[in-house]
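Inspection log for the structure reproduced underneath, given as structure tokens.
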Amino acid sequence: MFFFFFFRRDQKQIAFTVAGTIHPFRKTHRSIFGKLLQEFRLVASDRRSWRILLFGALNLLCTGCLLMWCSSTNSMALTAYTYLTIFDLFSLITCLISSWVTMKKPSQLYSFGFERLEVLSVFASTVLVQLGALFILKESVERFMEQPEVHTGRLLVGTFVALFFNLLTLLSVRNKPFAYVSEAASSSWLQEHVADLSRSLCGIIPGLSSVLLPRMNPFVLINMAGALSLCITYMLIEINNYNAVDTASAVAIALMTFGTMYPMSVYSGKVLLQTTPSHVIGQLDKLLREVSTLDGVLEVRNEHFWTVGFGSLAGSAHVRIRRDANEQLVLAHVTNRLLPLVSTLTVQIFKDDWTRPLLSGALPSSNPSSFTSSSVPPGAVEGYAGLSSSFSSSSVPAHLTSAGGDLDPLTSTPSKLTSPPPEFSFNTPGRNVQPVVLPAPPHHAHRPYGVGAGAGMRFGLGAAGAPSSQSYRTALGGSTAPLVKVITSSSFTKSPL
């Protein structure tokens with residue numbers, strides 16, 4: 001596409017040709033390496049991150065030396081123990097990511113922030129170490145078939161160098177994600193076995209209870225157990241020249257590593273799957289019961305709570321309220337109850353819109369003047385004019401009227417009864433009332449069927465004092481099923497024969 005621009009200067013026409021598409025607001029596209037470098041500079045601007053970077057550089061140096069010593073000694077146990085130093089490198093990277101997450105704010109694309117990146121880093125680190133342990137197990141099985149000779153020249157030196165550096169890294173750098181996971185996850189089988197010995201030891205030396213109880217740090221425990229296994233391997237090879245113990249020690253270190261990392265992988269994996277934490281289910285149930293008893297709340301449904309990051313709980317719920325309730329007031333009360341436990345909360349309030357359209361045509365009017373010629377046949381007015389004054393608000397069932405005797409609006413939450421209904425009656429009018437049959441008028445009198453009380457419903461009302469015992473029958477919407485009118489002291493109801 002070509003664009004021509006013409007300018008007139010000194011009575012001369014000059015033409016310029018521009019090839020390609022014009023982008024007046026071109027965005028600067030950075031490569032992935034450029035974006036990573038920018039975020040690294042953001043992390044490095046914090047002075048607290050310098051210690052992490054320093055220990056990371058020392059970890060790379062120490063890991064390289066240990067791998068060379070593993071090759072020179074031909075020791076599989078030392079190789080398995082070196083994987084714990086590689087795990088320390090992963091933990092330092094996780095610590096850097098945690099520092100970066102605290103600097104970043106939630107964006108429009110990531111409304112919950114970047115806390116889940118910590119969870120993903122912990123999950124990836126523990127899974128990679130478990131894969132390394134499985135690799136050690138596979139190599140150890142091959143070594144059992146043909147056991148090579150192990151040189152013990154640098155075996156003990158490498159053990160103490162790795163132990164010293166691992167403990168220095170664990171105790172000098174505060175790793176918040178792994179510290180939270182080690183406390184929240186279930187105990188490993190190694191921690192459970194050591195806990196019994198720790199209680200007995202703390203009974204003798206009470207000062208160790210702060211370190212050993214209630215359970216020992218799993219990372220310190222695996223490093224101490226691995227170093228002890230290597231020391232036993234060194235002594236058995238030096239004394240008896242028993243090289244197979246090196247392979248057995250490698251299997252033991254691999255199993256301890258797998259058993260220590262597995263509970264952490266399960267816990268972080270559940271967080272990634274957005275499951276509800278098991279230790280807060282009881283508290284959430286209690287809070288939801290309290291919310292459901294608030295004034296105006298009818299139902300709490302579609303509730304879902306999950307962990308966004310370590311120690312950060314998010315949730316959402318739908319709250320159905322009465323039509324006459326105040327949405328803002330109910331929202332404030334619900335938020336006040338759930339917010340101390342759920343830091344990121346979304347509550348949707350909606351009013352109850354369930355109505356009873358069939359009642360609109362079935363409610364009789366409490367005003368006697370409402371019974372006009374449109375609802376009463378002409379022949380029935382002469383014989384039953386005296387009954388119009390007695391048909392008042394008492395003819396309306398009690399569950400459709402309020403305490404003052406007036407009808408409530410048609411809502412899904414009618415007024416509560418002042419007294420409970422009879423047992424097994426289910427508040428049905430006339431269920432527990434003995435029917436009273438009106439006597440029939442003389443044979444020469446006119447039998448009306450005209451008083452209507454709703455769409456398709458007609459009541460036959462007999463004249464008082466008639467000598468005949470024959471009762472009037474009515475029809476419901478033209479049906480042939482017979483009905484008998486029942487009169488009580490409070491309401492007119494109907495019951496089948």
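Just so you know, glycine gets a Cβ as well, placed from its N, Cα and C.
These come from TrEMBL:
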TRANSMEM  50-69  transmembrane segment
DOMAIN    53-273  domain 'Cation efflux protein transmembrane'
TRANSMEM  81-102  transmembrane segment
TRANSMEM  114-135  transmembrane segment
TRANSMEM  155-173  transmembrane segment
TRANSMEM  219-237  transmembrane segment
TRANSMEM  244-264  transmembrane segment
REGION    402-421  region 'Disordered'
COMPBIAS  407-418  compositional bias 'Low complexity'
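Same-chain residues lying 6 or more positions outside the transmembrane segment (114-135) and placing a CB less than 8 Å from one of its CB atoms are 80, 83-84, 86-87, 90-91, 93-94, 97-98, 100-101, 104, 106, 177-178, 181, 254-255, 257-258, 261-262, 264-265, 268-269, 271-272, 308-310, 312.
Long-range neighbours of the transmembrane segment (155-173) within the same chain, counting only residues 6 or more positions beyond its ends whose Cβ lies under 8 Å from a Cβ of the stretch, are 51-52, 55, 58-59, 62, 65-66, 69-70, 73, 75, 78, 81-82, 84-85, 88, 91-92, 95, 217, 219-220, 223-224, 226-227, 230-231, 233-234, 237. Cβ atoms under 8 Å from those of the transmembrane segment (244-264) belong to residues 75-77, 79-81, 83-84, 122, 126-127, 129-130, 132-134, 136-137, 139-140, 143-144, 147, 150, 178, 181-182, 185-191, 218-219, 221-222, 225-226, 229-230, 232-233, 236-237 of the same chain, restricted to positions at least 6 beyond its ends.
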